[in-house]
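> Dumping the structure here so I can ask a few things about it.
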Amino acid sequence: MMKKMTGKSFALSALVAASFMAAGAMASDKTEPRNEVYKDKFANQYNSWHDTAKSEEITDALAGDPSLVILWAGYGFAKDYNAPRGHMYAVTDVRNTLRTGAPTNAEDGPMPMACWSCKSPDVPRLIEEQGEDGYFKGKWAKGGPEVVNTIGCSDCHEKGTPKLRISRPFAERGMEALGTPFDKASKKDKQSMVCGQCHVEYYFEKKDDRKGFVKFPWDSGTTVEQMEAYYDAIEFSDWTHSLSKTPMLKAQHPGYETWKMGVHGKNDVSCVDCHMPKVTNDKGRKYTDHKVGNPFDRFDETCATCHSQSKEFLEGITKERYAKVKELKARAEGQLVKAHFEAAKAWEVGATEAEMKPILTDIRHAQWRWDFAIASHGVAAHAPEEALRILGTAVDKAADARVKLAQLLAKKGVTDAVAIPDISTKAKAQAALGMDMDKMNAEKEAFKKDMLPKWDAEAKKREATYK
């Protein structure tokens, strides 16, 4: 039987508990998440990294291409999708997007904790403190007061040093699946692998013992066909399309994979060579520019170190490639949008699951390939031939689906063309899907007003205990 605690013993217990709580709040031994800690020791790198804040403009990708709303019907990207900005905005943008919803508490909202995984050095800190089981458990809102420092120093570097590291266990496992463990890689390979922690295709596992864990689908390789076969084998889907009822795959941003396929990757030209070149400060000292950006903005330090052609010549070639990719992208989207509406019509007139299965497989594969190509930001520069090849197969598979749909619809007595609603603007496309955008936007504004100040206050209090 427990003895009754005296006032003195109770006070001592409280003191011990408080000390443990304080210790638990300390920054990790391996990870210092606060980027500003390094602003003096690595001033040139810090200041250039901070310049990624100069990409203030928000580009609404759905407004620029309303077909995307239909292609992602039933998924968060149909609500909101902006072009990516600089690293300084990683936490801000994931907080503000409609995709993360408007949670009112730590257990609320549509998205899992895994949605923070590439946004902050607080992520490796949390994994080190809680283990992957603890980190990945729960909803996105659980991480709100914890994940507050944007992508920065400790994501790519060992604590307090320039030495490169992979800071996320799931990325380490991905590299090992390719037979290229980080600790045995060359310096050049490591310069791209640190980018490949996040600029990759990934998915959230659904197994009970690993539910919500991030995984790279590289067990069979990194081509679009190899990953497609992997997903099919495990019967994985990101969501079910609200029109066609297709079990869909959403490509993320497989920049690392497509870079490997292109001429630069094959010739050992790293991400850093083109996007973070060595530059000289006003004292004549060289350092790595951490304002990740377009190589043409620093042509002499990037392209000109290998190419003898002029900036105008190389820019012209790149623009031509972008134009060709954009043209084939639009053709694939046109076929896919029609396929989704035609599939919806087929269900409406009594199509069976057995009749629809081969059609939905074609739609699934076509859109996965289209998405893989367009979500690879920079693919027209990294691997234009591969982008065009993939988009060509997307067009073919979408066309195959539509031929099968035409035959099935005719069998069901539908011989006229299936009507497509007006989706000429983002608003019209969302209205065609019955999306209540006014309600979503109002809820998001309330979340930003009510929850974000609480998250920031809690984070500030916790970080005040750091040494």
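Cβ coordinates are placed from backbone N, Cα and C, and glycine is handled just like the others.
Pulled these from Swiss-Prot:
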{"type": "BINDING", "residues": "HIS87, CYS195, CYS198, HIS199", "note": "heme c 3 binding site"}
{"type": "BINDING", "residues": "CYS115, CYS118, LYS119", "note": "heme binding site"}
{"type": "BINDING", "residues": "CYS153, CYS156, HIS157, HIS290", "note": "heme c 2 binding site"}
{"type": "BINDING", "residues": "GLU201, TYR202, LYS250, GLN252", "note": "Ca(2+) binding site"}
{"type": "BINDING", "residues": "TYR202, HIS253", "note": "substrate binding site"}
{"type": "BINDING", "residues": "HIS264, CYS303, CYS306, HIS307", "note": "heme c 5 binding site"}
{"type": "BINDING", "residues": "CYS271, CYS274, HIS275, HIS382", "note": "heme c 4 binding site"}
{"type": "SIGNAL", "residues": "1-27", "note": "signal peptide"}
> For CYS198 (heme c 3 binding site), which residues in the same chain are close in space, meaning a Cβ under 8 Å from its Cβ, but six or more apart along the sequence?
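Set apart from CYS198 (heme c 3 binding site) by at least 6 residues yet with Cβ under 8 Å, we have CYS118, ILE151, ASP155, ALA171.
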> Tally every other Cβ atom lying within 10 Å of the Cβ atom of HIS275 (heme c 4 binding site).
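19, counting other Cβ atoms within 10 Å of HIS275 (heme c 4 binding site).
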> Do you see any of the binding-site residues CYS195, HIS199, HIS290, HIS307, HIS382 whose C-alpha is within 10 Å of GLN252 (Ca(2+) binding site), and which ones?
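Checking Cα-Cα distances against GLN252 (Ca(2+) binding site), the binding-site residues within 10 Å turn out to be HIS199.
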> May I have the list of same-chain residues other than HIS87, CYS195, CYS198, HIS199 whose Cβ is within 8 Å of the Cβ centroid of the recorded heme c 3 site, in sequence order?
CYS118, ILE151, VAL194, GLY196, GLN197, GLY255, VAL292
> CYS271 (heme c 4 binding site) to CYS115 (heme binding site): how many Å between their Cα atoms?
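Rounded to a whole number, the Cα-Cα distance is 24 Å.
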> Based on Cβ atoms within 10 Å, give me the single least packed residue among the binding-site residues LYS250, HIS253, HIS264, HIS290, HIS307.
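Counting other Cβ atoms within 10 Å of each of the binding-site residues LYS250, HIS253, HIS264, HIS290, HIS307, the minimum falls on HIS307.
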> Can you list, in sequence order, the residues of the same chain other than CYS115, CYS118, LYS119 whose CB lies within 8 Å of the CB centroid of the heme site?
ALA90, VAL94, ALA114, TRP116, SER117, SER120, VAL123, VAL147, CYS198
> Tell me the coarse DSSP state (helix, strand, coil) of HIS199 (heme c 3 binding site).
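Once the DSSP labels are grouped into three classes, HIS199 (heme c 3 binding site) ends up as coil.
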> To the nearest Å, how far is the Cα of CYS153 (heme c 2 binding site) from the Cα of HIS275 (heme c 4 binding site)?
16
> Of the binding-site residues HIS87, TYR202, HIS253, HIS275, which sits closest to CYS115 (heme binding site) by Cα distance?
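Nearest listed residue in space: TYR202.
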> Can you tell which of the binding-site residues CYS195, HIS199, HIS275 lies nearest to HIS264 (heme c 5 binding site) in space, using Cα positions?
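Nearest by Cα distance to HIS264 (heme c 5 binding site): HIS275.
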> What's the CA-CA gap between HIS157 (heme c 2 binding site) and HIS307 (heme c 5 binding site) in angstrom, rounded?
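The separation of the Cα atoms works out to 30 Å.
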> Give me the CA-CA distance between LYS250 (Ca(2+) binding site) and CYS195 (heme c 3 binding site), in Å, as a whole number.
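With distance taken Cα to Cα, CYS195 (heme c 3 binding site) is 20 Å from LYS250 (Ca(2+) binding site).
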> Cα-Cα, whole number of Å: CYS195 (heme c 3 binding site) versus GLU201 (Ca(2+) binding site)?
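Cα of CYS195 (heme c 3 binding site) to Cα of GLU201 (Ca(2+) binding site) measures 12 Å after rounding.
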> Hey, for the heme c 4 site built from CYS271, CYS274, HIS275, HIS382, who else sits with CB inside 8 A of the CB center?
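Sorted by sequence, the hits are CYS195, TRP259, HIS264, VAL269, SER270, VAL272, ASP273, PRO295, GLY378.
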